[in-house]
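The structure appears right after this line, and notes come after that.
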Amino acid sequence: MRFSKMHGLGNDFVIIDSITQKVYFNSDKIRSLSNRFYGIGFDQLLVVEPPYDPNIDFHCRIYNADGSEVYQCGNGIRCVARFVCIKKLTNKQHIKISTDTYSMMLSVLDSEFISVNMGEPIFDPIKIPFFSTQYQKMYVLFVPNFTILCGVVSIGNPHCVILVEQVDLVPVTVLGSILENHHCFPKKANISFMQIISQNNIKLRVYERGSGETKACGSAACAAVAIGIQQGLLKKNISVQVNLPGGDLFISWKGLGYPLYMIGSATYIYDGCINL
């Protein structure tokens, strides 16, 4: 099986073209491949398929390192756009890619940066999904030894965003692993810890559902900016710089009724071949 290794700000992916080769995976095989000592190693596996809709260019299936399938990955989708250009699967500058729940328009800006229309953020708790009797801008979650005040939103996948004073001091792995599996999130959630630097700049650390803390997460950056704007902490209509451990993303949102836009890099590392 041929594959490519890529990363978006250190959030690393194995990308597989299933258009020109036949591939099959189960969760055990994905977990084996994701192992950084005995496999290839990756945060997520991205499988590029032919489109199921004539108005779409490519379909993408997304698997976490634990073998679970998810339906959104902002950093991964940028890498897929770069991948299909590198592999000459398209010559388009504007590429529409679908997942099982979402479709996104991506624009190749130059040899490094990709712009993504991430769609509208969803705050309705039923659609996130999040167990709550009513919509609120902020929710309280109780976990052992902590009371957490957070915002929740879907960017095609569920996100929980927690405002903190010093993000570098947060026990991300401890809190993230507890909150990811909180009973209020029936499909689990990505957990983000956001520090406001200014109205157009934040620092962010992310515990990704099924993967643990990662260097960067595009949909989490979008979720954090959406929550920040919703709370009046960040400005609308400008590019908000999101500082992640792996690098920076730039997110803009006009407000309710409008899509989020993300700009970030997508970096090719190498090609390889492995026997399954």
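In case you wondered, yes, glycine gets a Cβ from its N, Cα and C as well.
Swiss-Prot annotates Asn11, Gln44, Asn64, Gly74, Asn75, Asn190, Glu208, Arg209, Gly218, Ser219 as substrate-binding residues; of Asn117, Asn145, Asn157, Asn243, the candidate listed for that same site is Asn157. Excluding Asn11, Gln44, Asn64, Gly74, Asn75, Asn157, Asn190, Glu208, Arg209, Gly218, Ser219 themselves, the residues of that chain whose CB lies within 8 A of the CB mean position for the substrate site are, in sequence, Asp43, Val70, Gln72, Cys73, Gly76, Val206, Ser211, Thr214, Cys217, Ala220. For the pair formed by Tyr270 (site 'Important for dimerization') and Arg209 (substrate binding site), distance between Cα atoms is given as 26 Å, rounded to the nearest Å.
A straight line from the CA of Asn11 (substrate binding site) to the CA of Cys217 (active site, proton acceptor) spans 7 Å. Residues Asn11, Gln44, Asn64, Gly74, Asn75, Asn157, Asn190, Glu208, Arg209, Gly218, Ser219 are recorded as binding substrate; their most distant pair of Cα atoms lies 17 Å apart. Sequence-distant neighbours of Arg209 (substrate binding site) (same chain, six or more apart, CB under 8 Å from its CB) are Asn64, Ser68, Val70, Asn157, Pro158, Glu180, Lys188, Ala189, Asn190, listed in sequence order.
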